[in-house]
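Down below is the structure, laid out as structure tokens.
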């Protein structure tokens, strides 16, 4: 049986009037089908606990799909029902970093993933 892989591209976007607001993600992940991956999004230039962090998926040639969001102050989450069993959103307030864990990966999970404030 041949080796197969899933490629996840990670992109960060930030909104707001302050140009120093930054969201930093690793460039790409290469993972095996059936495995899980934890994507990170490190925030700087604003009060991390005061803004919702959203996660969005875009497959090649397709539109954006909202996965869910998390409020870092109390870790309240909302999920698109489609991703309820796929994605788990968490934060580490001490490092101002948001995380999204994707489980049971398949070829359908090969996409660009955005974190956005």
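Cβ coordinates come from backbone N, Cα and C, glycine included.
What Swiss-Prot lists as disulfide bond is 41-115, and the listing cites sequence analysis. The annotation region 'Framework-1' is assigned in Swiss-Prot to 20-49. The region 'Complementarity-determining-1' annotation in Swiss-Prot covers 50-54. Swiss-Prot lists 69-85 with the feature region 'Complementarity-determining-2'. Look at Swiss-Prot and you will find 1-19 tagged as signal peptide.
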Long-range neighbours of the region 'Complementarity-determining-1' (50-54), counting only residues six or more past its ends (CB under 8 A): 41, 43, 66-73, 89, 91, 98, 115-117
Fewest Cβ neighbours within 10 Å, where candidates are the disulfide-bonded residues 41, 115: 41
DSSP-assigned states of the region 'Complementarity-determining-2' (69-85) in counts, ordered helix, strand, coil: 3 helix, 7 strand, 7 coil
Mean of the pLDDT scores, which run from 0 to 100, over the region 'Complementarity-determining-1' (50-54): 97
Secondary structure content of the region 'Framework-1' (20-49), with strand meaning DSSP E or B: 2 helix, 15 strand, 13 coil
DSSP-derived helix, strand and coil totals, residue by residue, for the region 'Complementarity-determining-1' (50-54): 1 helix, 2 strand, 2 coil
